[in-house]
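> This is the feature table in TrEMBL:
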type	residues	note
TRANSMEM	B:21-38	transmembrane segment
TRANSMEM	B:58-85	transmembrane segment
DOMAIN	B:61-267	domain 'ABC transmembrane type-1'
TRANSMEM	B:97-117	transmembrane segment
TRANSMEM	B:137-158	transmembrane segment
TRANSMEM	B:245-266	transmembrane segment
Amino acid sequence: MTMPLLKVERLRKSFGDHEVLSGIDLSVNEGDVTCIVGPSGSGKSTLLRCLNHLEKPTGGAIFLQGEPVGVRWRGDRLYEMSFNEMARQRQKMGMVFQGFHLFPHKTALQNITEAPIIVKGTPRHQAEAEGMALLEKVGMPDRAHYYPRQLSGGQQQRVAIARSLAMKPALLLFDEPTSALDPELVGEVLAAMRQLAEEGMTMLVVTHEMLFARDVADHLIFMEGGVIVEQGNPREIMTSPRHERTREFLARVLPQAV
Amino acid sequence: MSRPDIHDVTPVPVRRYGQQFGAVVLIVFALLFAQNLATNQNIQWPVVAQYMFAPSILSGLGMTILLTVLAMVIGLSIGVVLAIMRLSDSRVFQGAAWAWIWFFRGVPPLVQLIFWYNLALLYPDLSIGIPFGPKLFIWDTNAVITPFSAAILGLAFTEAAYAAEMIRAGIQAVSGGQVEASATLGMSRSQTLRRIVLPQALRIVIPPIGNDTISMLKFTSLVSVLALPDLLFSAQMVYARTYQTIPLLMVATIWYLVLTTVLTFAEHAIEHRLSEGSPPSKRSFQKRLFDMRPFRRQKEFSA
Ligand SMILES: Nc1ncnc2c1ncn2[C@@H]1O[C@H](COP(=O)(O)OP(=O)(O)OP(=O)(O)O)[C@@H](O)[C@H]1O
Ligand SMILES: [Mg+2]
């Protein structure tokens, strides 16, 4: 049994005295697609944001490729990492946001090439060639020189995915990547994600798209009230959930056809 | 009485009698003023023309431009630092920036210029050394503080205080998602600030910086109290000798107007360039509220 790519142990997070995550344990194997589902307010976004330390966890440990995230041993003492030390680990965990967060003052291609050029020192012509290849992969090579405001929501999200891929992360986090999109634009983003999954990208996806979870995910996690209630094979959980709370949630969100 | 078919006629445009009357009055005043400017012998246009490009006036003009540029560059640089201090989570940095802004916004620039110029009365020498310990370098204050350096200090420090507040507002207007996106791409703090946050903040801040530059150009005329030969002081020097007060003030006025006009155009050009990628303005309907073209044809219907 090989070491999991990402391992989370007893992760806790409170805002003030409001505990949002109450001890999360999970692991993600290389090449796996893991979907996280659960009702609003159950702590899904907070979990993702703790993984790359956009929020500082209150307790527990996170390991990426066996290395503790956000902290560092020196002798037998554990030290917090600074923002800039964290940057190296954040590179390995790309993130795609519900609200895209493209850089509005840069074209689609510049959005993609910016980080490779300034963070990794990739030569511009090489970054641009790779950026064009990524745009092709998400199906919009003809929009390279458009600014984000000139793109539809679905196109913006596909550029955002390409932007994350440009840093060649080991793991890609998605926080409800299609929730801000008009229904007819959801499909194109899911198709791009499905293609990534087929190419073996390791992905951790918070989503309300149950069909995507069923068809693409290798592993499904159901969260409620800051804990993982149930996890396992997506089809098994959807057809025969073991917990009453999972059953209730699925009854609310599952399209009848499943 | 038979009406024509509605599709065959153009409606009579809205009449704007009030605005038409107002426009006529304004035009008459403008003509009177122009005629007066042209014919008033006291202006002495030939003298104006003679001094317009005189070497002393042109070097004064150069000094005014130099002061404006230096004061703005130094002021904006300090302003960026102050803005970042204000936004830091350290109370000490916040407090220091707040104190700077409080002081330099509160004291009139003219008072500051005179104060800086007389710094030697407060501190006869300036030194760099170890706090509470020995001094390593010592300068005579009178050698360091010239009219020029006093002017730069007073103008730049005041500008820094105003710029800090503008830049802080600009930075705060950039959404937090931008910083998060940059962080997840592995950018460091300074990379995020320089490449993502400040360029976006700058766009928001360009119009007020343009205004400040125009104000600064005019504020530089205060340095004439320090006998620093800027545009105004150079003009004063000439009329102190020749008593041609009005013509020389006209020379200075025309040059100031030329400079502010150039700055206004430059600002529009920069604003236009930076607006690439920003959403199109939705103000065209709002403009109708102030539609004041009294003799306008209503083109919408003639199409
Ligand atoms: N910065 C914050 N400060 C205080 N409370 C927060 C903060 N962020 C999240 N919370 C709280 O944590 C809880 C979980 O929020 P979270 O955004 O993780 O839920 P979620 O599962 O992603 O929900 P949704 O499906 O609506 O996105 C909520 O009760 C929320 O109010
Ligand atoms: Mg969420």
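Numbering starts at 1 and runs along the chain as it is shown here.
Even glycines carry a Cβ here, placed using N, Cα and C.
TrEMBL annotations: computationally assigned, not manually curated.
Since we're looking at a predicted model, the values are computed, not measured.
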> Are there residues at least 6 beyond the ends of the transmembrane segment (B:245-266) whose Cβ is under 8 Å from a Cβ of it, and what are they?
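Same-chain contacts beyond the flanks: 42-45, 47-48, 51-52, 57, 61, 64-65, 210, 213-214, 217-218, 221, 231-232, 235-236, 238-239.
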> State the non-local partners of the transmembrane segment (B:97-117) in its own chain: residues 6+ outside its ends, Cβ under 8 Å from one of its Cβ atoms.
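Distant contacts of the transmembrane segment (B:97-117): 82-83, 85-86, 145, 147, 149-151, 153-155, 157-158, 160-162, 164-165, 219, 222-223, 225-226.
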> Against which stretches of its own chain does the transmembrane segment (B:58-85) lie, if we need a Cβ under 8 Å and a gap of at least six residues from its ends?
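For the transmembrane segment (B:58-85), the list is 93-94, 96-97, 100-101, 151-152, 155-168, 171, 193, 198, 209, 212-213, 216-217, 220-221, 223, 228-235, 255, 259.
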